[in-house]
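Trainee: Supplied in structure tokens, the structure appears directly below.
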Amino acid sequence: MSNKINPKRREPTVAAAVAAATAVVATNTSSSTGSSAGNTSSANTSSSSSSSLSSAGGGDAGMSADLTSLFECPVCFDYVLPPILQCSSGHLVCVSCRSKLTCCPTCRGPLANIRNLAMEEVASNVKFPCKHSGYGCTASLVYTEKTEHEETCECRPYLCPCPGASCKWQGPLDLVMQHLMMSHKSITTLQGEDIVFLATDINLPGAVDWVMMQSCFGHHFMLVLEKQEKYDGHQQFFAIVQLIGSRKEAENFVYRLELNGNRRRLTWEAMPRSIHEGVASAIHNSDCLVFDTSIAQLFADNGNLGINVTISLV
């Protein structure tokens, strides 16, 4: 049996939101009229408006909290944000869930492309909590700022940065290193801003990853060397450094990778990636040190490749 949500719970919710939006508009109109009539009239209007808001939700904070709950999607419990569409009975569902549904999850009626302008007006006057509030974020934002904030929120959960491990772990930034040390014990950590990253057996067939940690300046950096087959028989190496930290922290550093030997030198210098961003997109766009197997053989010694890594403060 499917868990059908009682439609009666949503209908008064939308009605309450419309009433609240009307109250807000009425309050603004009354305040404007009272102001033009004089100070005494303005004071009376202000008192009346304050009383009205208080009864609606216990003041501005209470009202905002009450209204926010009206925007919960009945499927995923995230917020339904503008543009807001409703079914023919007035029930709401978020855009993400709507694309996966064939009928309204509340009344099982047909989904319709009907804009709910009243709810959109309410949404423009409500502040929504960050979706990472469970990880400690206390920000409250208008809906137009919500997505941008959440993409760079310092409290957002981080994915495991270890490439090729298919690790499903995610958690707060301050637990990333603990996870790596407990679950990926094979990763070696070297101290200092100048180290040699030694990748062994680079002639192994297929896609291979080499990973090492570097600790300096009070931070940890993950050094990654990936070998991929880009197209038939043509293999390439991609070397990159990412900071176990935020994007803002990464802006304080620059890393330098250098292959050196046999009177040849190949270098790359850039700002480290944050684990917010990961390394996949940088590798896909070749925004890192890139060289093919023939270049690798010029610097390799018995199948082993040493990469000099230098981390510097900007």
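From the backbone N, Cα and C atoms, a Cβ is placed for every residue, glycine too.
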Trainee: Per Swiss-Prot, which one of Cys155, Cys160 shares the Zn(2+) 2 site with Cys167, His179, His184?
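Mentor: When Swiss-Prot describes the Zn(2+) 2 site, the candidate it includes is Cys160.
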Trainee: Which site among Cys160, Cys167 has the most other CB atoms no more than 10 Å from its CB, taking these as binding-site residues?
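Mentor: By the 10 Å Cβ neighbour count, Cys160 comes out on top.
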Trainee: How many other Cβ atoms sit within 10 Å of the Cβ of Cys153 (Zn(2+) 1 binding site)?
Mentor: 19
Trainee: What kind of secondary structure is Cys130 (Zn(2+) 1 binding site) part of, going by DSSP in three states?
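Mentor: Looking at the DSSP assignment, Cys130 (Zn(2+) 1 binding site) belongs to neither helix nor strand, so coil.
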Trainee: Between His184 (Zn(2+) 2 binding site) and Cys137 (Zn(2+) 1 binding site), how far is it from one CA atom to the other, in Å?
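Mentor: Computed Cα spacing between His184 (Zn(2+) 2 binding site) and Cys137 (Zn(2+) 1 binding site) is 28 Å.
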Trainee: Within 8 Å of the centroid of the Cβ atoms of Cys130, Cys137, His149, Cys153, which other residues of that chain place their own Cβ, given that this set defines the recorded Zn(2+) 1 site?
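Mentor: Apart from the listed residues, the neighbours are Lys131, His132, Ser133, Ala139, Leu141, Glu150, Glu154, Cys155, Arg156.
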Trainee: Should His149 (Zn(2+) 1 binding site) be counted as helix, strand, or coil on the basis of DSSP?
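Mentor: It is helical.
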